[in-house]
Amino acid sequence: MNISTKLHLNTIFSLFLVLIVGGILWFVALEVSKSTQKNTAVEELIEGIFEINLLTQNYIRHPRQQMIDQWNMRYESFAGLISNIMFFSESEKSLVEEIKGNYKKLGILFKDLSRESKGELLGTEFIEIQEGQILARLHSMISSAGHLKQIRHQEMRSIQYESGLGIIVLVTLIAFLITINSFLVNRSIAVPIKNLKEKVEQIRGDNFDFQIEEDRNDETGHLSQSFGRMIERLRRSHDSLQNEIYERKKADETILQWEDIFKLTGQPIVVGDSDTPYIKIVNPAFAKMMGYTTEELIGKHLEEVYAPEARPNIPDYMHSSNKKEHHHYESKQIRKDGSIFPVSIMLTTVKDPLGKVKYRIANIDDITEQKATEDELERRVEERTKKIKKMQQKLIQSAQQAGMAEIASGILHNVGNTLNSLSVSSEMITRSLKDSELPSFIRVNQMLDSNRNNLGEFLTQDIKGKQIPNFYNELGKVFMGEQELLIKESETINRLVDLIKEVIRTQQEYAVSVRLEEEEILHQVVDDSLLLQLNSFSTYKIKIIKNYRAIPPITIQRSKLIHILINLLNNAKDALQGNAPENRQIIIEIDKTPEGESFIKIQDNGQGILKEELSNIFAYGYTTKRGGHGFGLHTSAIYMQEMNGRIEVQSEGIGKGASFTLTLPCQSQN
């Protein structure tokens, strides 16, 4: 039989003993509980009898209604006590029945007594008899209850004696069985284990030269066999362990070499704690840089080596290192003498395979010289930037002058075209006057004057005279045509003269308002810009479509906006050269954005712009026109920035036109 089976049987046997003990104890406890309950009921019964007796005595001495009520209340509660009494023997039953009988008679007697006391017909002698009978019943009940209590006490002592004796016998039996069971278990398990323990002691002394012989066919035998196999493996592992010790020594030597490198390197290095911002290890290079000894730095809080303005950032440095493992940043540290200097730090977090932080390594470089070099470079960059800004200002002025020259050229061209139109109208008037029929009219009048005396005969009889009425009729028609021509050409001359005056006025206003900011109505500014280009657009047969929305005046620099508009209109005119004359149009829109900004949009259906050129269209010197200087759109963008506005371009590509939008800030005044 193997040990497992023996242990199972031992367990079953132990459980059986436990069940027996538990059953006996349960039975004893049950009997004791029942007896205790009956004793308690008897005690309560006796207490109730004594209370009724006391109430009866008090009533006899002081007969009052209050005493009657108390007596009746206790009498009724006493009925419950009697009903709860349990009995098992005949003697107990007879005593209880006797108490019940006296209890009922007691109630009848007390009622009669209480009625007599209230003045009913019963006499004094009857009352005394009743009182005697009541007291006799009470004494009888007390006596019966006392006998019942004695019976219960005797029964309780008997139960306690029998229970104690049974427990002593049971404990003795269990102790005997446990002793036998322990002997058997010791023989089956403890002895083989003791033998194995002796072998283990030999192994602790590095003695593997022994054999384990065990032929038991149970668990201890199997354990001994497994132990023998383990010893064999230990023998094989011993040599491997010796090799590992040799390798460990080599690793220790490598660690010592790295320790020497850590101490002797010129690179300042700090090793920090895993969870707290305290210094664990520093190398001499860092201590020298900070003006401390290595012993002084170990255990210091990181705040003590960081400059005051950099200390609030320490948690962020550690958090970033935990996330990225390698975190590079620049900061400022403070030496022992209080001097502050800039540093560049590469913070590395070392973690175990589970991702828990073991420690942090900081490689620190003093970048004081680097910062000085950067400051010098920054100073040079600032100087260079100032020079570039001056050059840019000069270029802007050049662009403005070039733009004004371009505008002036356009104005002279427009005025020249207008003068040509004036010359044509003047020639038409001169030719009309030269070809006039006025001399014929004068000759006919002279003929009539010479025939004044016989005018009727002359007009009716003379061949020439007969033709004069028809001649006057035709001559009137001719004079009407000449008059219409002269009026038309005169109006044309007046209109052209007014146009020249308006162009000159607009140019004069532009010339005197280079930096003047004033409140303007946008559509008037746009129309003035169109006026300067009117003849050019007429020459090229460009159709202008106006989509103006009435918006409040805004404060702008009129001259700059006109400069931008003329430049955009010229560009649109040039972009339309490749279109057929009947397909040339410019749409001008004036409106407000949802944000309340005013905008002017100039859209043409010309040659368009390549998408890759849109990002460079406002760059200085960038142009797509032959002979262009690249000033126009660049200057326009600068002017829009100076007016706190912006200029934007859109085009779907070649052949799809382009649109430029000028957006002005929300500074309108109604």
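From the backbone N, Cα and C atoms, a Cβ is placed for every residue, glycine too.
So that you can see what the record holds, here are the features copied from TrEMBL:
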- 367-394: coiled coil (COILED)
- 187-239: domain 'HAMP' (DOMAIN)
- 268-325: domain 'PAS' (DOMAIN)
- 327-379: domain 'PAC' (DOMAIN)
- 484-668: domain 'Histidine kinase' (DOMAIN)
- 12-30: transmembrane segment (TRANSMEM)
- 164-185: transmembrane segment (TRANSMEM)
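Under DSSP, the residues of the domain 'PAS' (268-325) split into helix, strand and coil as follows: 31 helix, 11 strand, 16 coil. For the domain 'PAC' (327-379), the predicted model reports an average pLDDT of 89. Shown for the domain 'PAC' (327-379): DSSP residue counts in helix, strand and coil, namely 12 helix, 30 strand, 11 coil.
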